[in-house]
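As recorded in Swiss-Prot:
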ACT_SITE  Asp145  active site, proton donor/acceptor
BINDING   Lys14, His203, Ala204, Gly205, Asn206, Gly207, Asp278, Ala279, Arg280, Gly326, Ile327, Gly328, Glu329, Asn330  ATP binding site
BINDING   Arg88  substrate binding site
SITE      His177  site 'Transition state stabilizer'
SITE      Arg236  site 'Transition state stabilizer'
Amino acid sequence: MKIMSVNSGSSSLKFQLLEMPQKNLITSGLIERIGSNNATFTLKNQNHKTSKTLEIKNHQQAVSLLLTSLIENKIIARLEDIDGVGHRIVQGGELFQDATALNDVEIAKIESLCDLAPLHNPANLVSIKAFRQVLPSLFQVGVFDTTFHQTIPVKNFLYATPYAWYQKYKVRKYGFHGISYQYITEQMQQLLNKKDAKLIICHAGNGVSLCAVDSGKSIDTSMGFTPLEGVPMGTRSGNIDPAVIKFIAEKENKGIAEITDDLNKKSGLLGVSTISNDARDILAEIKKGNPQARLAFDIQIKRIVDYIASYYVLLKGIDALVFTAGIGENSSFFRSEIIKRLSVLGFRLDEQKNEVQGKTSVITSSDSLQQAFVVPTNEELSIACDVLRIYKKVKK
């Protein structure tokens, strides 16, 4: 079966086409700046990569271009060769406990959740509808970033705000990066040969979050009602005193929406360092002795360590700490700065093993009382696996 995994933004569309259940990558690509006359379309096929700039007015045109290119490049013979498409959808609220086949009813449910994720769900829906318009008979599945966290107990997900906020508006912790956490959890269960493994997973890219996992289930996570909660990230502040919003509104004569935008897009590593939201740039500046870059980095690391310590207590000990995603997989310095702060819990780093980049490896020493791993995530493959599972369930 050929299954496509799609991750759609407001002006972008990232995709992979995989052969399932063999899990072989056939091709991948990225369409950026949708809605402009200088959009870019990049297609990678085995060792061959093509890129072109052209006008792409909307997502429907982007999807048409993508599917036509697959035929033109002889990746597929006809559109019907694609058996299913899986869409990453950021917010599933409490309505979705699993990935789901997409029909009018399910799409309407996703639309009803747009006020919970106004930056993400509308873009996801545009992509779903574009595929429907171009290829109406295509089997489509929604895979949600929040689903994995639906196992979090109420005492861990509910805020101590007026209970009516939850009853009326479903204000609660939802958590994100769930597709990644699902994949890493399954990888670690196999690696440790232990279904009831207790894990703390640190997903560290431009967005950063942590998750406490017990026996394959999320029991707590650092992101909350939105991805803004938790640790400082590339441009997000992470946790702050909510009273700061009113204070800044009065001092700067700003509205709530503008301040929220500042917290989402102008804070975190970028806000404190005043240099960049990219951790690679921050690490390069630290090597040059830049104190502001060091401060931004130290604040982030401190908060990550706080969550790890908290989840260690919550889980009553762990089988493994796992680093994944861009920085988690590729920065030995990032990992070492965290591990050395966890020596009180019995973590001992193996400096040589920690030099690993982008492949599965244990990074703690043989005399370490705790194990830490690097495990590359693969959200696209996880989505494809969900599509295959739902396809078999629906089509049997």
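For all residues, glycine too, the Cβ spot is worked out from N, Cα and C.
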Between C-alpha atoms, which of these recorded positions comes nearest to His177 (site 'Transition state stabilizer'): Lys14, Arg88, Asp145, Ala204, Asp278?
Asp145
Residues near Glu329 (ATP binding site) in space but at least six apart in sequence (CB under 8 A):
Phe323, Gln357, Gly358, Val374, Val375, Pro376, Thr377
On the three-state reduction of DSSP, what should I expect for the residue listed as 'active site, proton donor/acceptor'?
coil
Binding-site residues Arg88, Ala204, Asp278: which have a Cα within 10 Å of the residue listed as 'active site, proton donor/acceptor'?
Arg88
